[in-house]
Amino acid sequence: MASRRMATKPVIFCLKSLLLLYCVFFWVSGVVLLSVGLWWSFMLGPYTSLISSGPSIAPFVLTGTGAAIVLFGLFGCYATCRGRCWMLRLYAVFLTLVFMTELIAGISGFVFRHEIQGTFLTTYSEAVMKYDGRDDRSLAVDGVQRRLHCCGVYNYTSWLSSVYFPVSGIPASCCVSFADCRDAELRNATLAARIVHKQGCYELVTSSIEGNMGIIAGVTFGIAFSQLIGLGLSCCLSRFISANQYEMV
């Protein structure tokens, strides 16, 4: 029996080293998710009203998931170092839940991307029609137009039917150059065409979604399937320790 334990010690040590290395990677991925969720909440908050028709829970889901992964990543490191079977099995259960959650989220985002684009079209069109230059949605519209160098939904003519145009014309955020942006020209549809961006914002946003969806899906599925590595390592280590009644204190 003693010789058998001596023979399995290198195997268990190797499994512990690999699982500990994975736990560190898992913990880092949690920190990244937590950082993205907080960044979304504080930096992209004004733009979420243009993505969904109601309050978006996506940043809170990212923050909560990231915080949970950070905590369970630390727990995985502790369970690996202690070598307790019940801890390793609990860690394996959590990895399974994370894998299923990320897989469902990745598939849902890829399948429903057209619905996301449709929702953006509806909410952005409504924000343009009700633009007043002061509320959160109006400021978000200005931010999108400045950053993407676009104007209106499909083009600058989208502003002609807005409630803002008869009063103040096309918003200055549509101008190609702020120095050439004059109120008199912005109130004239013919003259405004010379100083504003020609491309609409909807086309730019949707093309960006389509272009990056493959990358986003690949990264999501890659992270999700990496949980299987940790799951396999934790299960193997638990079985080895249980079968040989070996624990490293």
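In case you wondered, yes, glycine gets a Cβ from its N, Cα and C as well.
Just so you know, TrEMBL annotations never went through curation; they're auto-generated.
The feature transmembrane segment is assigned by TrEMBL to 20-42, 57-78, 90-112, 215-241. The feature disulfide bond is assigned by TrEMBL to Cys150-Cys181.
Using a 10 Å radius centred on the Cβ of Cys150 (disulfide bond) and all shown protein chains, the other Cβ atoms total 24. Tertiary proximity for the transmembrane segment (20-42) is limited to same-chain residues at least six positions away from its ends with a CB under 8 Å from its CB atoms, namely 48, 58-74, 76-77, 80-81, 95, 223, 226-227, 229-230, 233. The local packing around Cys181 (disulfide bond), expressed as other Cβ atoms within 10 Å of its Cβ over all shown chains, amounts to 18.
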